[in-house]
Amino acid sequence: MEGGLAVGGGRGGSGLQKSLCNTRQQYKTHTEKQRSSVSCLLLFLLTRMLLYAVALSLLAVSWADDCQVSNVQVMQNFDRTKYAGSWYAVGKKDPDGLFLLDNIVANFTITPDSKMTATALGRVIIFGHWEVCAQMFATFEDTPDPAKFRMRYWGIAAALQSGNDEHWVIDTDYENYAIHYSCREVAADGTCHDSYSFVFSRHPEGLRPQDQQVVTTKKNDICLLGKYRRVSHTGYCDNSENFYRQ
């Protein structure tokens, strides 16, 4: 009896040991699988992050190449005589600093010696709080490209801005829309650090539907898509009492 119990107990102990060993092995295998899964997940995430970083770097390089100021395409065979007349700003990408806000109307004139000049009106806030209608005047210096001008401008009142800017005509059909571009400062990588741009219409109500797609394409071409704001025309500058006087 005792021998039988001893033998039976031995077999039972051996079975229990095998069971414990199997459990440990399964636990060890499960833990290793978890660790392996975590490692694979981390490797996957790191790989994705690296790919995103490379993609962003390539995108930045591509953007810098595409958005070089020297690569900006302007209107071919530009005719300043057809361009002359009144244009209403209906969209504007702002530069740094003080600038006309809205109610902007530009009038381009061709002088007897074929030079181009311009006057402009627009609402502006000066001295941080004073709302007035500003009058600006500009003369244009010709360059080898008929659609690229060097513009010297100043406010008729001394408190208003003055300076020298590029004035490039990107595109126009002369009768309905025109897109202007100016880069005030070129960055080290050749892109524009400080630019402004106007979308002009011959009509204060804005662009015709058929012109909007053309304008959107040109905005993208000069790397300013999504950076414009609407310019309203409320008749503010129609009231002479709103003009700035010293």
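Including glycine, each Cβ sits where the backbone N, Cα and C put it.
Bond annotation: of Cys40, Cys67, Cys133, only Cys67 is listed by TrEMBL as forming a disulfide with Cys223.
According to TrEMBL, Cys183 forms a disulfide bond with Cys192, chosen from Cys133, Cys192. In the disulfide annotation of TrEMBL, Cys133 is paired with Cys237 out of the candidates Cys40, Cys237. Regional average pLDDT for the domain 'Lipocalin/cytosolic fatty-acid binding' (84-208) in the model is 93. Separation of the C-alpha atoms of Cys133 (disulfide bond) and Cys223 (disulfide bond): 31 Å, rounded to the nearest whole number.
Counted within 10 Å of its Cβ, the other Cβ atoms near Cys183 (disulfide bond) come to 20, all protein chains included.
The DSSP secondary structure for Cys133 (disulfide bond) is strand. Across the fold, the C-alpha of Gln161 (substrate binding site) and the C-alpha of Cys183 (disulfide bond) stand 17 Å from each other. For the pair Cys183 (disulfide bond) and Cys67 (disulfide bond), the Cα-Cα distance reads 12 Å.
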